[in-house]
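Asker: According to TrEMBL, the protein carries these features:
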- 39-486: domain 'Major facilitator superfamily (MFS) profile' (DOMAIN)
- 140-160: transmembrane segment (TRANSMEM)
- 166-189: transmembrane segment (TRANSMEM)
- 201-223: transmembrane segment (TRANSMEM)
- 229-252: transmembrane segment (TRANSMEM)
- 293-313: transmembrane segment (TRANSMEM)
- 333-358: transmembrane segment (TRANSMEM)
- 370-389: transmembrane segment (TRANSMEM)
- 395-419: transmembrane segment (TRANSMEM)
- 431-452: transmembrane segment (TRANSMEM)
- 458-481: transmembrane segment (TRANSMEM)
Amino acid sequence: MSTEGDSKATVRDISNDGNLNMAQEVCSRKGFCSIRHGLAFILQLCNFSICTQQMNLSIAIPAMVNNTAAAPSKPNASAEWPSTDSQDYWNETLKQFKAMAPAYEWSPEIQGIILSSLNYGSFLAPIPSGYVAGIFGAKYVVGAGLFISSVLTLFIPLAANAGVALLIVLRIVQGIAQVMVLTGQYSIWVKWAPPLERSQLTTIAGSGSMLGSFIVLLVGGLLSQTIGWPYVFYIFGGIGCACCLLWFPLIYDDPVNHPFISAGEKRYIVCSLAQQDCSPGWSLPIRAMIKSLPLWAILVSYFCEYWLFYTIMAYTPTYISSVLQANLRDSGILSALPFVVGCICIILGGLLADFLLSRKILRLITIRKLFTAIGVLFPSVILVSLPWVRSSHSVTMTFLVLSSAISSFCDSGALVNFLDIAPRYTGFLKGLLQVFAHIAGAISPTVAGFFINQDSEFGWRNVFLLSAAVNISGLAFYLIFGQADVQDWAKEQTVTHL
C-alpha cells in the first residue's frame, strides 16, 4: 500500500497532465473489460462465496430436522427413476451417504435461534473491521475474513453433531468473519470507483450475494436429498477457500499500485476522484456524526430494509416447503428463482442510476430516494398479499420473484448513500451500518420463528405484515432526512473534531 505522500504526488502529477477527457474516452471504450470492473467481478465472486455460506444452513436445515435417510425406503429423489441394475447401485450409494447425515430434534424456536446466531456477534466486528480497512486497506481484512468463514463452514457438520451450543458458537465466530468481508470491501471503492460509476460498480459486486443465494438454493436441496446435507457445507466451504487463492494475488487497494492497469484508466480514476477528499484519517468526528440526520436516515433505512432481507433469506425455503408443500429438491429450485432475478435487477438498477446521473436527468439525491421508495413500497405490498394467494403456486412464486427483483433497487438508493455523504469515512460508516443491519438480522428470524410456531396458519401473515410495517417506517424517515451532498463533518477541516 502506498504512503499518503506518494498518493498525493501521483494525483498531482496525473492531474497536471490536463488530459482527463482523453482518459475518459479511452476508459469508456474499455467498458466492462477495465480493471475496475474486473475488481467488481472478483468482489462479486467473494460475495457469492460469503452468501452461500450464510444461506447454506437455511436450505439444509429442513433436511437436518426432517431427514429420513436412515429408513429402509429408497430416497425420494429416486422415486421416479427407472429400476435398473446401475440405478439400484446408485440408489444404494446415495443411501450410504445419507445414512451418515443425522437428524436433530430442533423445535421452530431452536431453529430460529440457530439461524439468527450468525448475527449475534456480528455487531461487534463491523466498526473495527471498517475502521481498520479504511486506514490500512481492504485487501488483507477481506481476505482473512473470507478464509476464516470458509474454513469454519467445513466444520459445521461436526459442530452440529457435538450439540446446539457448539453450533451456535461456531456460527457466531463465522458471522464475525463474514462481517470483515462485507464491511471491509467498501473501502476499496473509495479509490477505485469514479463518482459516475459508483452505483454500477458497487451493484456488480453486491450482486454476488444474490447469485450466491440462487446457486445454494438451486443445488442445496438437491445435495441434501441425494448425498446428504453435510455436503452442502463441504462444497461451498471449499469454494470459499479456493476464492482466497484468487483474492490475494489480484486485489490491490489503490489503482496507483496495480501492476496490470493501463495508464489511461489510472489517469481517469485518479482525476475523477481528485476533487473528492477520500483520504482516511485516524481521528473521527464522532459528535458530528451523532448529530447528523442524513446519517441517521441511512442507519434507520439499513435496519428496516435488512429486517425484511434477513427474514426472506432465512425463511424462503421453509415457506415454500411448508406452504406450497414442495419437497427438498423442488423447494430449493423454487426458492432460487427470486434471487437469480434479483441478481440481474441489482446490476440493471446500478446501470440505470448511473445513466440518469451521467445524463443529468435526475439529481443524485432524487435518484437515491426514488430508487429506495420503489425498492421498499412495491415489495412490501407484494409480500403482505402472499397469504391471500398461497392457494395458487404460480401466483405465489410470481410474487416472490417480483418482490426480490424490485427490492434490489434499494442497492442503488439508501444502501449506497453513505459513499455520497462521507467518502473519507467509508470503511467506518459501512461498519456502523452493518451493526444496524446485523441487529435486524439477529432479531427478525427469531421473531419470525416465534410467530410461525405460535400459529402456523396466521403466523406467516403476521411475519409479512410486521416486515412491511418496519420497512415502510424506515422509508418515511429516509425520505424526510436523507441527503446526498458531502457533509461538513466529512470534509478535511473537521477531521480533528472528536
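Cβ from N, Cα, C; glycine included.
Locate each feature and note its surroundings.
Answerer: Using a Cβ-Cβ cut-off under 8 Å and counting only residues 6 or more beyond its ends in the same chain, the transmembrane segment (166-189) has close neighbours at 39, 43, 46-47, 50, 53-54, 57, 113-114, 117-122, 124-126, 129-130, 132-134, 137-138, 141-142, 144-146, 148-149, 152-153, 155-156, 159-160, 198, 201-202, 205, 251, 253, 280, 419, 426-427, 430-431, 434, 438.
If you look at the transmembrane segment (201-223), the same-chain residues 6 or more away from its ends with a CB under 8 A from one of its CBs are 36-37, 39-41, 43-52, 54-56, 59-60, 63, 77, 185-186, 189, 192-193, 229, 231-232, 235-236, 313, 316-317, 327-333, 335-336, 339-340, 342-344, 346-347, 349-351, 404, 408, 411-412, 416, 419.
Among residues of the same chain six or more beyond the transmembrane segment (293-313), those with a C-beta under 8 A of the stretch's C-beta atoms are 54-55, 58, 119, 213, 338, 372, 375-376, 379-380, 383, 403-404, 407, 410, 414-415, 417-418, 421-422, 429, 432-433, 436-441, 443-445, 448, 463, 467-468, 470-471, 473-475, 477-478, 480-483, 487.
Residues 301, 305, 308, 349, 353, 362, 395-396, 399-400, 402-404, 406-414, 458, 460-461, 464-465, 467-468, 471-472, 474-475, 478-479, 482 of the same chain lie 6+ residues outside the transmembrane segment (370-389) yet bring a C-beta within less than 8 angstroms of a C-beta in it.
Tertiary proximity for the transmembrane segment (395-419) is limited to same-chain residues at least six positions away from its ends with a CB under 8 Å from its CB atoms, namely 186, 189-190, 193, 198-199, 202-203, 206, 210, 295, 297-298, 301-302, 305, 308-309, 312, 316, 323-324, 334, 337-339, 341-342, 344-346, 349-350, 352-353, 367-376, 378-379, 382-383, 385-386, 389, 426, 429-430, 433, 478, 482, 484.
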Asker: Which bits of the chain, at least 6 residues beyond where the transmembrane segment (229-252) starts or stops, bring a Cβ under 8 A of a Cβ in it?
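Answerer: Long-range Cβ neighbours of the transmembrane segment (229-252): 39, 42, 45-46, 49-50, 52-53, 56, 59-60, 63-64, 67, 97, 100-101, 138-139, 142-143, 146-147, 149-154, 156-157, 188, 216, 220, 223, 258-259.
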Asker: Suppose you look only at the domain 'Major facilitator superfamily (MFS) profile' (39-486); what would the mean pLDDT be?
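Answerer: Here the predicted model's pLDDT, averaged over the domain 'Major facilitator superfamily (MFS) profile' (39-486), is 80.
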